[in-house]
Amino acid sequence: MMTQSDLDLRETALKEDLKFYFMNPCEKYRARRQIPWKLALQILKILMVTTQLVFFGLSNQLVVSFKEENIVAFKHIFLKGYSGTDEDDYSCSIYTQQDAYDSIFYVINQYRHLKNTSLGTLGYEHEESGLKICKQQYKRGTMLPSNDTLNIDVSTETECILLKPKELIGKKAELELNSSFFNLEFYRLIQVEISFKLQGIALQTIHARELPDCYAFQNTITFNNRAHSGKIKIYFDSDTDIQECKDWHVFNSVLQKNTQYILVFDGFVILSCLASLILCTRSIILAWRLQKRFVNFFLEKYKRCVCYSDRLEFLNGWYVLVIISDVMTIIGSILKMEIKAKNLSSYDVCSILLGTSTLFVWVGVIRYLGYFQTYNVLILTMQASLPKVLRFCCCAGMIYLGYTFCGWIVLGPYHEKFEDLNTVAECLFSLVNGDDMFATFAQIQQKSSLVWMFSRLYLYSFISLFIYMILSLFIALITDSYDTIKKYQQSGFPVTDLHEFLKDHSSAGYRKERTSFPFICCCRRQQSDDNLILIN
């Protein structure tokens, strides 16, 4: 059996460890001269990760602009009569058979003379590649609209030909273009798809002191006649793939050195994130061990278990956030280094990882603002109101989904903002925020009086319900949490088993001497702040 003195010694040691665990970095330094390495490392990491993101963003901006400008150039080169502005979700449209033939042969002719037409650094993929033309149509049938007669086999067939660059020169090309393949029966025709691949080199990166990228553009032009409405919609789609240049020689040492410097900087970012990951993981493990000590001691002395909320006090959510951020930064930095060395082209994956990790890093700054009383009240309000807000959003979301489905099925044929579910959800969300209200009311077609009256009832009820009632309740939840926190600040927060256990423990032994470095104690709290609960 353990003696009472041993139990008292364990209790005293446990209280000191618990008191030290819940101190902020400046108090820990004053208590045990423990240098806040994690705090200094997080500040350094914020600067490094943000700088890395800016460099990558500037490089990615060149990639995006090169892609977009090439797609616009392709539309002007290969689409006959392209006005420069897309029509809804398609590029342009045609209405006669002659326009269809002219548009198809225009694409072939422009592909044939690409090197003499394009202003960019474009070329064919290789000599064996070419222009692939496929037509999809119903197998057979006859149609006499004057007699309302239709006899058609709905099973489809697809026929394709490949026109190589060499074959498009000379008499052989004329024979190919005059073949029966291009005799289109438009009442059977479903679509014509023309696909070709082009290569390009982005030389603009040289001006940014970066090595050039090689691009592969997989272009597809689709003449869509599925509706058979007398209007063929022409879609232009381009998939861009960034590839490693197989054989390039850039005679400028500045580009090589600049690339090496950036790779070294990315290496330092990886090392700093790795150190932060190790320190935060170590802190979580030590906190779990301390929690286990406290739970076992509380059970041994008071014969009851520690409540769940007290156990959560030991789980530092900020450390979890930092760990996730570090892992994403390390993976993103490795991908960035490979992209910089022209071994990879996963710009989207790298952007998501680096962007999200930087977001988490800056959100983590809130933890250090919580050491100050003014900011701590606001942060505690956010923490206290979050569970209520999430439950409220679940209930409001059910009403929102109901309006979404109802608007889609009823107003879809009469309003462009209600044509599909995604557009309906975005339209209703903009209405909740008070955007574009009059235009939404005015654009409804008045072809059906019943639908027009329903649209007014639908929009008025949705706006009144969400703006005047649901948003007001949403704000009331946050206001109520703020008032509760302010009241707790004056009268004291609810005392849990953990706070009761630490209440009678004096921390005088930690205040032996003040540091001679005033910038380290910038976070020193006043005695009046001791009744506040700090976010862990």
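The first residue you see is number 1, and the count goes up from there.
Any Cβ shown, glycine's included, is placed from N, Cα and C.
TrEMBL has this to say about the protein:
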- 63-246: domain 'Mucolipin extracytosolic' (DOMAIN)
- 261-288: transmembrane segment (TRANSMEM)
- 318-335: transmembrane segment (TRANSMEM)
- 347-369: transmembrane segment (TRANSMEM)
- 349-485: domain 'Polycystin cation channel PKD1/PKD2' (DOMAIN)
- 389-411: transmembrane segment (TRANSMEM)
- 457-478: transmembrane segment (TRANSMEM)
Please report, as numbers and ranges, the same-chain residues at least 6 past the borders of the transmembrane segment (318-335) whose CB is under 8 Å from any CB of it. 42, 49, 52, 266, 269-270, 273-274, 276-277, 280-281, 283-284, 344, 346, 349-350, 353-354, 356-358, 360-361, 363-364, 367, 535-536
State the mean pLDDT for the domain 'Polycystin cation channel PKD1/PKD2' (349-485). 86
The domain 'Polycystin cation channel PKD1/PKD2' (349-485), counted residue by residue under DSSP: helix, strand, coil: 120 helix, 0 strand, 17 coil
